[in-house]
Amino acid sequence: MARRHDPERRERIIEAAIRVVGAQGIAGLSHRSVAAEADVPLGSTTYHFASLDELLVAALRRCNENFARMVREGDGLADPAVPLADALTRLLGEWFSGGRGPMELEYELYLAALRRPVLRPVAGEWADALVEPIAHRTDPATARALTALLDGICLQVLLTGGEFDPVYTREMLARLAEGEPTGARAAGTGERLLGPTETGPPGDR
């Protein structure tokens, strides 16, 4: 019997892989679990994705695409009349408003690159999806610093079970986006960050 052509099958397998990781974590991902979730023969998953790494790359790339779409459609990021810190805080708030489940899923796939080098270029694409539009509003180095700060805030909230604090987030983003504080304020900030015995370079202590 000829194989029935199913052009959507690969897409269904990718979406099923994302659901499996969301429900069971990466440890629960296998060709068999994905085939069951997608309701396709086991051979279909190995036909489209010879290894689990290939499947993880496709799943992470799909998450990247969804994230990039959210960034593009974000309210205010492309509007120069909206302060950059405000626009980014609003964007992060919109992401959190979708619930922790989708964010935890995306970060699990993103952080899997720590142990799976094949995922690292795709994880880099995730960061670039945010750096690129921010860089239209500021210089590239600041855009990457702002992206790293957003990344860190997300991880802190997700890992500690805390609540997203838009006031704190906006203040920290503004410090980066609007330039480093000077004078007494800068000295005070340095003391808070470095600690009472580490207020300057080693040669000054």
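Just so it is clear, glycine is given a Cβ too, placed from its N, Cα and C backbone atoms.
Sequence annotations record features per position, and here TrEMBL assigns domain 'HTH tetR-type' to 7-67.
Marked as DNA-binding region by TrEMBL: 30-49. Within its own chain, the DNA-binding region (30-49) has Cβ neighbours under 8 Å at 9-10, 12-13, 15-17, 19-20, 24, 55, 58, counting only residues six or more beyond its boundaries.
Per TrEMBL, the feature region 'Disordered' maps to 179-205.
Broken down with DSSP, the domain 'HTH tetR-type' (7-67) shows 50 helix, 0 strand, 11 coil.
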